[in-house]
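Visitor: Below is one structure. I have some questions about it.
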Amino acid sequence: MPLKEDDCCLFAEEYDGPPLSYNIPCAVPINVEKIPVAAVVSPVCISDNMSFPVIQPILSVESKKFLIDSVSPTSVIANCGSNQLELVSDSITVSPTSVIEHTEEEEEEEGGDGEDCELSSSGELLLRSCSVKESLDLNESSSNPLVPDWESNESVLSMDYPSSRVTGDCVSETNGDGKKQPVVTFLGIASDDGFEEEESCSNLRRVRVVPVKKQPQTKGKKGSCYRCFKGSRFTEKEVCLVCDAKYCNSCVLRAMGSMPEGRKCVTCIGFPIDESKRGSLGKCSRMLKRLLNDLEVKQIMKTERFCEANQLPAEYVYVNGQPLYPEELVTLQTCSNPPKKLKPGDYWYDKVSGLWGKEGEKPYQIISPHLNVGGPISPEASNGNTQVFINGREITKVELRMLQLAGVQCAGNPHFWVNEDGSYQEEGQKNTKGYIWGKAGTKLLCAVLSLPVPSKSTANASGEQLYSANSRSILDHLEHRTLQKILLVGNSGSGTSTIFKQAKILYKDVPFLEDERENIKVIIQTNVYGYLGMLLEGRERFEEEALALRNTKQCVLENIPADEGDAKSNDKTVTMYSIGPRLKAFSDWLLKTMAAGNLGVIFPAASREYAPLVEELWRDAAIQATYKRRSELGLLPSVASYFLERAIDVLTPDYEPSDLDILYAEGVTSSSGLACLDFSFPQTASEENLDPSDHHDSLLRYQLIRVPSRGLGENCKWIDMFEDVGMVVFVVSMSDYDQVSEDGTNKMLLTKKLFESIITHPIFENMDFLLILNKYDLLEEKVERVPLARCEWFQDFNPVVSRHRGSNNGNPTLGQLAFHFMAVKFKRFYSSLTGKKLFVSSSKSLDPNSVDSSLKLAMEILKWSEERTNICMSEYSMYSTEPSSFSN
């Protein structure tokens, strides 16, 4: 209708024409109460040069299809077509100093992560938006801004709004797709120094971390081994704790190596374990018990339980809606009463009473109170609906039932304040009304209702933090996680066993326990009977040689045939190596027992019975004559003379081996298995006077691992287990240069071959090597009699020796020259194969000072290697990462 000047109203007429090809604009009524407004800034705070930042609206994807003009916030015209424009949520605040938060419900529904953006107009603004599937690209939206009509808001802006934040009531309203509108957060104008910006960024919520299972690198048919692809589902296998790979009996040691973090593949070392297998940590399988000895199994299981990589990741545990930091998890696990069977998940924790439970469930344990972990407890933490609160948490019906039966007055929906000792009072009052768990009947009631009661450790903690045995073990393991491992290897007879025992005596307060000494006593006494048997075998040989020599001389002197001479000399069969009938019978019986392999079964149990015969045998002149020629008995070891000279005392029932006896004893350490020793070097007098901060080196822990030579042979079955050792100590017996093995090969050449196989193995490529040339005292004695050129590798040893040799006049001895020659030989051989430097030390394994010096040299090498790595890292961080910044 045409508008007349005197009309005060407008009327619309009904359209009855042809159908329209476009959408008809609709008039949307305005709810004035829901129009977002902002308070007028005080004129005092406004300067002439100050301009306000402009909020750029974020539109949906559908709205990008239309070209939209600037629309006033109070406009009533909206497009009501199929692609309807959706206004930003009514809860948006347009004040430059306000904060518009994106609620947790919207984030969880959209499933997006927060993204920080920065807008700058005249002042700096921090914009945090939620990246949802249907959000508009920020760059595109900023290029087509929708500038709001600020003039149309003048009618509603007033000084009647004292607050700078006005929020509508439609936060939970959804859009046409049933999804909530994304809300933008403005964190205000940053200060000049940027402090507010940094503080706001640091307060952003942490992203929830979801455990992701690592997949195995290879996988065969179902039920087969993941390495050799053999076997079936019925074949016994060992399972990796990380990727679930399964290995058979033949492949488990090669696939898992030395297991520095337990039963993990070598490629899985450093990864967290599968949480479904946490219950099997430290529980050894039958397969490992068959493959390894008890000491190795115990060490692997201990490492598996307490190593840092296998501990529960802190970010997987949520307490009162917040993920834990590593320090908080350690605090939680090391308290006097920690949560039992802690697994990844959401938990609630009442810090006042110590009540602990899973999110949305009733409490199942009372842990130590007042722990600074997680956030504040939520009223809906246990999903209660009783209108009764304990320390700000609405309790469940089961808890309410327990309180009512315990005599607590719960009428009127009270709010209780409960302490760790069970005392309770209403909020706002000081009078204690009673103790919830004070009666024995209440504890029985809690047991029936499956509710927790305070433990004795919680009641007696008195604010002091105590440590459980398991938590203490975790801390101890984390404290010593920098354990330096030293691998001790050498050929058979090189002296690795003696060095290992010497280290045990030097660095352990109690090197051998009582039962160990009793077992060593049996070994020593059995060895002495074996040495006597070797002497008796040599006596028979010497006796036969003496008789043959006598007959030959007699036949030559009398000029008669040898056969007739033997017949005439039957009565003259007594030589200096002959023994009486009684000792002869004992000798024959002992040799038969040795040949049958029953020496360890009969002796030393029968020592008391045969002690008189042994004493008589040792004092016999024939045995003494044989003992003087002991160097001609190839099977008799050099340490035999130490025990044979004390045979009468050693074979007594009340014999107790000394530390020196144990050092000389053979067979004390296993020749077929690993032997480990954890130790630390004691502080010297000079170190005790140093500053306490300089004691770090002496307090470091080391692990000496002795490996048998047969395990490092051609197949090298043990080498793959030692990829985490710090260095390798290779021991060489210098007195073996003239010895030969059973197949006739020189022992020094066999040692060289073993040394080559180890230094060229890829496992030891980046490790330092210390060569200990052992038995220096035996070398000095032997080299005077047997030339070093007896070994074909040392045929070029031609020293210039002075007539007046000796250490007194400053000239090196022949033994010193031989040692230096061997050291140079091994150094050149090592350098030719690896291109690196070999550290060399001489040693007398029976001398404690000599062994101590060699092992301390190993410590210094490890220390220097660590410092060298730190220096390289510091240089790397100081200079640019460009290739031109480095020089070769």
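Placement of Cβ uses the backbone N, Cα and C atoms for every residue, glycine included.
Predicted, not measured: the structure shown is a model, and the values here were computed from it.
Pulled these from Swiss-Prot:
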BINDING   S497, T669  Ca(2+) binding site
COMPBIAS  103-118  compositional bias 'Acidic residues'
REGION    98-119  region 'Disordered'
REGION    485-498  region 'G1 motif'
REGION    661-669  region 'G2 motif'
REGION    702-711  region 'G3 motif'
REGION    770-777  region 'G4 motif'
REGION    843-848  region 'G5 motif'
MOTIF     205-222  motif 'Nuclear localization signal'
ZN_FING   225-268  zinc finger
Visitor: By DSSP, what is the split of the region 'G5 motif' (843-848) into helix, strand and coil residues?
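Guide: For that range the per-state counts are 1 helix, 0 strand, 5 coil.
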Visitor: Would you kindly check 485-498, 661-669, 702-711, 770-777 and say which stretch has the most C-beta pairs under 8 angstroms to the region 'G5 motif' (843-848)?
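Guide: By Cβ pairs under 8 Å, 770-777 leads among 485-498, 661-669, 702-711, 770-777.
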Visitor: Determine how many residues of the zinc finger (225-268) DSSP places in helix, in strand and in coil.
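Guide: Summed over the zinc finger (225-268), the classes give 8 helix, 6 strand, 30 coil.
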Visitor: Mind tallying the region 'G2 motif' (661-669) by DSSP state, helix then strand then coil?
Guide: 4 helix, 0 strand, 5 coil
Visitor: Restricting to the chain of T669 (Ca(2+) binding site) and a gap of 6 or more, list residues whose Cβ falls under 8 Å of its Cβ, or answer none.
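Guide: Those within reach of T669 (Ca(2+) binding site), by Cβ under 8 Å and sequence separation of 6 or more, are S497, F500, K501, A675, R706.
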Visitor: Please report, as numbers and ranges, the same-chain residues at least 6 past the borders of the region 'G4 motif' (770-777) whose CB is under 8 Å from any CB of it.
Guide: 490, 494-495, 499, 727-735, 815, 819, 822-823, 826, 830, 838-847, 850, 854, 857-858, 861
Visitor: Take the motif 'Nuclear localization signal' (205-222) and average the pLDDT across it for me.
Guide: 70
